[in-house]
């Protein structure tokens, strides 16, 4: 077999180019049998196809002394090469390169030796020279088949497979219908001769049908190739040799430039790939050095042959920081180095929203080997610096707490002020004599960015519509939202594919990239489903299937199903949590399916509610871990004196009637109301020690820091109680969150932040007393650019909001200095909650409609 294999090169032995073939001579060059062939060059205006051929059939393509393959090249004007197979591979790759714009005609028969019946079915079609050569090679392979059913396998890049699938699978479906062939695109279990980024198009049927399908498939693949520039196909031995060299210790180049070796310890700064060498020194992309090669080992250089020039730059150019530079040069980097032992020491210096002590070191070289933490940054990537710094990074002056409070009031009033009105609150009891000072609670930046992941199922036939031609739709979704979208592989006996949306988010971000992406994907799936059922008439309902980790199902279900029941009532959609046994094969056994059925607006609103709860759950878990570490460093503030028995209300008023006394609680606004960004709160009294509405196994309720009486969402409610059972916030969590009495009723909120649906009002406990919430007033701050979605056309949305919820909705003019509008919603808790949900839905629907200006087709 090896004796008959043919290797082609782009030049003759004399070095002259053969104009007759268009690609050079086909004479064989003697090489070692283990040496791989060099990569083939695809000239401008040419297309390339890769056809898989079993080892047993290679001889039919090559022929004796290469006669067959030579005749094919001469008759088609194509470059045809049989690649060397990897060790143990049962297949070989046949690479075909020819002109894409030149036309030729081929006969679609069984083969050149077809019988009379086959000749009757022959038809002639016009194809390019590249397609014609592909058909000719396939005819040789089909002649070697032992049965009437033949299989053709094409290798293609992952980005080109979408062209074969088409929008919503329409292209591959039409080819199947026209030819009667079985066509599948495989991502897994590929032969070892395929590249890592390849997919395989497999066509099965009789010879005539497969050739017809091959014409259509090759046309799709040819149209998406970049024929206007030179490309490389085939084996890449230089790249493989280069990647293998990364695992060998190469220290000569870097040591010639550096007087001493540079060590990277596990706590120090791990350089990114593009920060290791000066720009323009590496011949390939920046991914030539994997991250793991920089961890716990000497910094290694790439082989000198892979560099365009010898690295003779100084240390600052090579490593982007001067190892032995003075302090001022070291501070030119974007990230400050702070000793770890100073990060958690109490201080009056505020760095961002965190209390830290910035201790100066005289030895800048020693700081390179100390643990450090990145400077907190906001959603726009800007550092949280609230004071000027000199050239050495030292604060020029320290802010007093009074100054901090005044500035934070304006800063916090704008953060999380948009549509942040879910009524979560927590009550504390203060000692009535002390008036201490409350330091601002630890910022969410200390929690760090969290990966927010949402998953949704889609049918296999609609997956192509989400991916788009060459991944166009996925790239646009990423560009629009910033989230990463991954469409899972197709599995046997599974009619669905899993779409995972991932985004790194911070609790301070006012919008969720992952949530926006999942809503756009759902709208896209609805559009695809609608286009396919136009012939069957309108459809009254649609089903969406979200995939939720089993560990997070509780925040969707709620205690006794109270949360999911409330969402069903609010959205009007049927929400069902399926058992693990009903999971499709494409999802893990650690996940469960949340199935939502209803009309499109209702299902979309339900998805918004569910993903909002899942996102809050991610950050609340992180906040709990952070608060457990930092609670000892915080102090609390007593808000009212010993004689006051009135609860504290910030931003909103809620009437509470006590069945025993039939009297209303008094309200007053705190001078520290900046803790509530949207100025909306739910005010009611209860004793923390005997609170029957918080599960004892969950010591920190959702969105609350018991150490500072602070909610991680600035727009949440902040209340104090006036119970006689006073306690101090410095007590252990086990005392603050005692087990509830066995007969205690279920109240307004649970640990997941859900709402009960009591018809007669919400029963609230305060020690041995009870109170019923009869009326709630909530203020919501809405940006001016979103008000058009609230009003709707000719005020239709606003009118619907009032009629459906039954709440009283008043829109106030914007205050001085801001364009945000204040929407006041009042009514029973059920009415206000329904109005808030509808308000969220209207704004989200408007934002989604604006996204249609992006061509997602």
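Our numbering is plain: 1 for the first residue shown, then up by one each step along the chain.
Backbone N, Cα and C atoms are what each Cβ position is placed from, and that goes for glycine too.
Under the heading compositional bias 'Basic and acidic residues', Swiss-Prot lists 1-15, 718-730. Taken from Swiss-Prot, the feature compositional bias 'Polar residues' covers 645-665, 673-688. What Swiss-Prot records for 746-755 is compositional bias 'Low complexity'. Taken from Swiss-Prot, the feature domain 'KH 1' applies to 46-110. Look at Swiss-Prot and you will find 149-217 tagged as domain 'KH 2', backed by sequence analysis. The domain 'KH 3' annotation in Swiss-Prot covers 451-521 and is backed by sequence analysis. The domain 'KH 4' feature in Swiss-Prot is assigned to 541-610; the stated evidence is sequence analysis. The feature domain 'KH 5' is assigned by Swiss-Prot to 775-839, with sequence analysis given as support.
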**Study point:** DSSP helix/strand/coil residue counts for the domain 'KH 3' (451-521)
**Key:** 30 helix, 23 strand, 18 coil
**Study point:** Tally of residues which DSSP labels helix, strand or coil - the domain 'KH 5' (775-839)
**Key:** 32 helix, 20 strand, 13 coil
Review point. What counts of helix, strand and coil residues does DSSP assign across the domain 'KH 1' (46-110)?
Key: 21 helix, 27 strand, 17 coil
Exercise for review: Count the residues of the domain 'KH 2' (149-217) that DSSP assigns to helix (H, G, I), to strand (E, B) and to coil, and report the three numbers in that order.
Suggested key: 32 helix, 23 strand, 14 coil
Review point. Do you know the mean pLDDT across the domain 'KH 5' (775-839)?
Key: 87
Review point. What does DSSP give as the helix, strand and coil breakdown of the domain 'KH 4' (541-610)?
Key: 35 helix, 20 strand, 15 coil
